[in-house]
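First comes the structure, then the notes that go with it.
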Amino acid sequence: MTKTSTCIYHFLVLSWYTFLNYYISQEGKDEVKPKIFANGARWKYMTLLNLLLQTVFYGVTCLDDVLKRIKGRKDIKFLTAFRDLLFATLAFPVSTFVFLAFWILFLYNRDLIYPKVLDTVIPVWLNHAMHTLIFPITLAEVVLGPHSYPSKKTGLTLLTAASITYISRILWLYFETGTWVYPVFAKLSPVGLAAFFSLSHIFIASIYLLGEKLNHWKWGDMRQPQKKRK
């Protein structure tokens with residue numbers, strides 16, 4: 001892809017994610033959707049948080065594309081570094097995790113993650129837009145251009161902080177409302193929940209490392225240089 005084609009692609013992806021966020025925000029007149037978005041609204045679901053995350057990432061990416069053409073690469077190093085950090089630590093791991101975790105649980109027992117009643121509210125195309133298409137899009141981003149990764153310590157620390165924040169929100173919502181965000185949690189004991197959250201974090205951390213490996217395989221070592229101690 002040429003630089004112009006990449007810019008256009010990024011703009012189209014940004015437009016797509018913006019459209020999805022807008023479409024989902026329109027609650028409609030049915031009785032089921034307000035119940036789905038109750039007790040924490042949309043921001044209790046990792047799927048919808050991921051759509052917002054991808055919108056932010058591609059917004060930053062489009063801005064980076066435009067400013068590079070106007071000002072040059074050297075003048076926007078901070079923005080490029082932020083784009084790469086956002087992709088490495090959140091955009092790639094979260095979207096890949098949502099794709100894999102959703103379909104693994106769905107194929108095992110859909111009632112654990114996506115009860116059949118949702119088929120009457122969420123169109124099939126939207127389900128695949130939220131849970132399937134996100135993976136090839138984020139994988140394409142790895143192929144289209146290099147991303148400078150932080151040190152493993154920095155990257156995994158930021159990812160861990162994000163994981164703890166989301167888990168804390170899930171637990172807080174349960175204690176406030178008595179309702180779990182996902183049905184699978186209601187099937188687990190406290191020990192089972194601890195194990196589930198721990199394994200989920202190990203899983204998403206592994207995805208982070210996979211993203212780093214894929215980036216290295218395609219573009220060589222793009223890790224951010226470490227500052228030397230005096």
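Numbers here mean position along the shown chain, with the first residue as 1.
Using N, Cα and C of the backbone, Cβ positions are placed for all residues, glycine too.
What TrEMBL annotates here:
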type: TRANSMEM; residues: 7-25; note: transmembrane segment
type: TRANSMEM; residues: 45-64; note: transmembrane segment
type: TRANSMEM; residues: 85-105; note: transmembrane segment
type: TRANSMEM; residues: 125-144; note: transmembrane segment
type: TRANSMEM; residues: 156-175; note: transmembrane segment
type: TRANSMEM; residues: 187-210; note: transmembrane segment
Same-chain residue ranges lying at least 6 outside the transmembrane segment (187-210) that approach it to Cβ under 8 Å: 88-89, 92-94, 96-97, 100-101, 112, 152, 155-156, 159-160, 163, 167
Two-stretch contact, the transmembrane segment (7-25) and the transmembrane segment (156-175), at least three Cβ pairs under 8 Å: no
Cβ contacts under 8 Å made by the transmembrane segment (156-175) with residues that lie 6+ beyond its boundaries: 39-40, 44, 46, 49, 85, 89-90, 93-94, 150, 181, 185, 197, 200-201, 204-205, 208
